[in-house]
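Working notes for the structure below.
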Amino acid sequence: MAVTDFLAASDVTLAINACKAKDSFSPKTFFKTVGLSKKSPKEIERVFKILDQDKSGFIEQDELQLFLQNFAKGARPLTAAETRAFLMEGDSDGDGKIGWEEFSALVKST
């Protein structure tokens, strides 16, 4: 399953291109640009499961670093600062990872 199965490839390309420069990534802007914030909870959950590479039920820091690459081959990894900021923004319970409910809330807050 690929994210382009339920997100428009043109929106994904636009979002990837908008954050090509290092330290320019914003999760909320990205989610809005790819149209994820307008998707159903089931579709958001599908994206979460793609991002949860190790199937632990959480998106951890190492998975966040590769976030953009889940949307487009050849996309850059997030910088350490972007990864930390993304984790801080999405980790509402402070456990150092982003669970399904936290991810859904972050996506819907855009």
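Including glycine, each Cβ sits where the backbone N, Cα and C put it.
Because TrEMBL annotations are produced automatically, they should be read as predictions rather than curated entries.
If you check TrEMBL, you get these features:
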DOMAIN    39-74  domain 'EF-hand'
BINDING   Asp52, Asp54, Ser56, Phe58, Glu63  Ca(2+) 1 binding site
DOMAIN    78-110  domain 'EF-hand'
BINDING   Asp91, Asp93, Asp95, Lys97, Glu102  Ca(2+) 2 binding site
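Structural mapping of features recorded in TrEMBL.
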residue	record	Cβ contacts under 8 Å, 6 or more apart
Asp52	Ca(2+) 1 binding site	Phe58, Ile59, Glu63
Asp54	Ca(2+) 1 binding site	Glu60, Glu63
Ser56	Ca(2+) 1 binding site	none
Asp91	Ca(2+) 2 binding site	Lys97, Ile98, Glu102
Asp93	Ca(2+) 2 binding site	Gly99, Glu102
Asp95	Ca(2+) 2 binding site	none
Non-site residues, in chain order, whose CB comes within 8 A of the mean position of the CB atoms of Asp52, Asp54, Ser56, Phe58, Glu63 at Ca(2+) 1: Leu51, Gln53, Lys55, Gly57, Ile59, Glu60, Lys97
Sorted by sequence, non-Asp91, Asp93, Asp95, Lys97, Glu102 residues with Cβ within 8 Å of centre, Ca(2+) 2: Phe58, Gly90, Ser92, Gly94, Gly96, Ile98, Gly99
Beyond the flanks of the domain 'EF-hand' (78-110) by 6 or more, those residues with Cβ under 8 Å of it: 22-23, 25, 27-29, 31-32, 36-37, 41, 44-45, 48, 51, 57-61, 64-68
Local confidence of the domain 'EF-hand' (39-74) - pLDDT mean: 95
Helix, strand and coil residues within the domain 'EF-hand' (78-110) as assigned by DSSP: 20 helix, 2 strand, 11 coil
C-beta crowding around Glu102 (Ca(2+) 2 binding site), within 10 angstroms: 19
The domain 'EF-hand' (39-74): DSSP-derived helix, strand, coil residue counts: 20 helix, 2 strand, 14 coil
